[in-house]
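*Asks:* The structure's right below; bear with me while I get my questions together.
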Amino acid sequence: MTRLNKEDQIFWNSLSKFLLNFGLNIYYLSEEQKYTLITAFTHKSYANENKSAEHNDYLEFIGDGVLQFIVTAWIAKKNPSWDSGFATQLRSSIVDKNNLSDLAEEYELFKYLRHSKAAFINGINKKTISNLYEAFIGAIYVVFGINVAMEVTKQTLGKTFDSHYYSQHSHPKNVLQEHFQQSSTSNVVYTTEKLPNNTFRATVMFEWVKYGEGIGYSKKEAETNAAIDALKKLKTIVK
């Protein structure tokens with residue numbers, strides 16, 4: 001059975017007040033559950049100097065998986081029939097290290113990170129801060145379960161999800177794919193060719209029928225313009 005030492009208890013007294021900001025019920029936690037939450041805020045440099053302490057690497061691993069699951073569930077709820085490639089791209093953009101780092105800074109998680117005095121003498125990097133956010137979510141999952149983890153993730157990551165979702169959702173290629181998926185499970189197919197003037201021409205087809213064509217200075221731009229061309233012909237509004 002895990003028991004908190006004196007330093008852990010002092011740290012918990014401070015950390016517990018911070019955790020109340022997320023609506024967590026911390027009053028009936030066991031020593032082991034408290035220690036899990038403390039570990040989420042324990043950097044490897046601190047654990048190296050304090051052999052009784054554990055660092056947050058494993059909780060970061062758990063949190064990464066939990067975040068992937070939660071964001072996937074959100075995407076599926078928003079759009080059950082979305083193309084898997086676009087869904088994967090959207091999820092990756094949401095759980096991007098820079099986004100998670102910004103969240104950790106916004107909610108001041110770093111103020112509670114236990115680390116050695118010399119660890120960040122030249123400043124802290126985004127990877128460490130984003131890892132802290134993942135460990136935080138991982139610990140909440142371990143202690144409180146998936147429902148509470150989803151609530152805290154929604155509280156902290158929800159706005160980021162919404163902005164990325166609606167930005168990606170309104171992309172012409174996605175709108176075109178969704179238009180066809182209303183009546184078929186087939187995917188839109190793009191073919192591109194490089195032109196002599198360093199531009200690209202893309203053709204968009206669905207079930208062997210050509211619907212649009214576009215020119216651009218990159219394959220991505222050409223495909224987007226081809227999707228726009230197809231949507232205009234289909235009289236589908238592009239937001």
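Counting starts with 1 at the first residue shown.
Keep in mind that glycine also has a Cβ here, set from the backbone N, Cα and C atoms.
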*Asks:* Per TrEMBL, what member of Glu60, Glu193, Glu207 joins Asn131, Glu134 in binding Mg(2+) at one site?
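*Replies:* Of Glu60, Glu193, Glu207, Glu60 joins Asn131, Glu134 in the Mg(2+) site that TrEMBL records.
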*Asks:* For the recorded Mg(2+) site formed by Glu60, Asn131, Glu134, which further same-chain residues have Cβ atoms within 8 Å of the site's Cβ center?
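*Replies:* Near the Mg(2+) site, beyond Glu60, Asn131, Glu134, sit Asn56, Asp57, Leu59, Phe61, Gly63, Asp64, Ser130, Leu132, Tyr133, Ala135, Gly138.
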*Asks:* Between Asp64 (active site) and Glu134 (Mg(2+) binding site), how far is it from one CA atom to the other, in Å?
*Replies:* 6
*Asks:* Just counting, how many other CB atoms are there within 10 A of the CB of Asp64 (active site)?
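*Replies:* Result for Asp64 (active site): 19 other Cβ atoms within 10 Å.
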